[in-house]
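**Student:** Handing you a structure now.
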Amino acid sequence: MDRRFLFALFLFAAVATAVTDDTNNDDFIIRQVVDNEEDHLLNAEHHFTSFKSKFSKSYATKEEHDYRFGVFKSNLIKAKLHQNRDPTAEHGITKFSDLTASEFRRQFLGLKKRLRLPAHAQKAPILPTTNLPEDFDWREKGAVTPVKDQGSCGSCWAFSTTGALEGAHYLATGKLVSLSEQQLVDCDHVCDPEQAGSCDSGCNGGLMNNAFEYLLESGGVVQEKDYAYTGRDGSCKFDKSKVVASVSNFSVVTLDEDQIAANLVKNGPLAVAINAAWMQTYMSGVSCPYVCAKSRLDHGVLLVGFGKGAYAPIRLKEKPYWIIKNSWGQNWGEQGYYKICRGRNVCGVDSMVSTVAAAQSNH
């Protein structure tokens, strides 16, 4: 094989891997492959001024301001690289553009790793897939609450959990009720005794299946209005007499996209995990990055639907996609939602999927 081709292939792989590397060397790697005179940096100061105004950003000192401006410029470079590697989506300036990669992970992700399933978890039964619709969206059927905002607290797992149970409760009762994430943040400390670091721990991360286990053991969850979200860890104030939704059972869906779609249609929105490496710069469109590690799951989200395709002129084809409800507020992505390619487990979106059934309730 031609040596020049091998070298070019190696260089592409190295650069692509650097884009999604979770180490703290992201910015250093980026500087190696991007010309310092990139035209999109010529107006960086103007972009930063607009960014501060749009997202109400302020900094206590000039030193902090100047530091954040430097981070912002690095993230402009990162967004351009993401655009090149994920051309079917739009990447650019977001509410997270003044955060380093490590700050973003620490403050806005929070999914923990787990090798074993909780005691009450079971494998979801195999469902028929022959009559699946081409498009499906639980938002159109009234089973999804408005997009919420976890703030700078690693509680994504709690929002994924409540979102799935909100949908299941709607299917069981016909009532859409916003459930309390703060109850999970404060009260859920379910652990796997055989795996170190697997405990749900509020703003320091957790797992959706752990949370379903907690809800089974505790008797359920109260409404959001009865236990409001604060975005920080607190003492448990759970009042069982105010429970409005409870878990009957929960299951883990096999790594098969047709089965995931079938479970979504039959059982309601699904709690899923994802590698969020491309989400810091995501603005809109169908995200289908060339490289995104499937095993590096670090963010809990809610799968609410799917579409048969959005035209991608760069790739000359329709790209079928999943519709993901995120918990970063409505001023991120597509009014708080994320579209990601279906078909090949992009960013591990098919790797950790759970469905929950709600108990019938008289509330």
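Here the Cβ of each residue, glycine as well, is placed from N, Cα and C on the backbone.
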**Student:** Can you tell which of CYS153, CYS288, CYS292, CYS341 is bonded to CYS203 by a disulfide, based on Swiss-Prot?
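**Tutor:** In Swiss-Prot, CYS203 forms its disulfide bond with CYS153.
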**Student:** Looking at Swiss-Prot, which one of CYS199, CYS236, CYS347 makes a disulfide with CYS292?
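**Tutor:** Checking Swiss-Prot, the candidate bonded to CYS292 through a disulfide is CYS347.
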**Student:** Can you sort out which of CYS156, CYS199, CYS236 is the disulfide partner Swiss-Prot gives for CYS187?
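**Tutor:** Swiss-Prot says the disulfide from CYS187 goes to CYS236.
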**Student:** Provide, as an integer number of angstrom, the distance between the C-alpha atoms of CYS153 (disulfide bond) and HIS299 (active site).
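**Tutor:** Cα-Cα, rounded: 12 Å.
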**Student:** On the three-state reduction of DSSP, what should I expect for ASN249 (N-linked glycosylation site)?
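**Tutor:** ASN249 (N-linked glycosylation site) sits in a strand per DSSP.
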**Student:** So which recorded positions out of CYS156, CYS187, CYS203, CYS292 end up within 10 angstroms of ASN326 (active site), measuring C-alpha to C-alpha?
**Tutor:** CYS156
**Student:** Within 10 Å of its Cβ, which one of these disulfide-bonded residues (CYS187, CYS292) has the largest number of other Cβ atoms?
**Tutor:** CYS292
**Student:** For the C-alpha pair, I'd like the distance in angstrom between CYS187 (disulfide bond) and CYS156 (active site), rounded off.
**Tutor:** 15
**Student:** Translate the DSSP assignment of CYS292 (disulfide bond) into the three-state scheme.
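**Tutor:** Coil, per DSSP.
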**Student:** Hey, how far is CYS236 (disulfide bond) from CYS292 (disulfide bond), Cα to Cα, in Å?
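**Tutor:** CYS292 (disulfide bond) has its Cα 37 Å from the Cα of CYS236 (disulfide bond).
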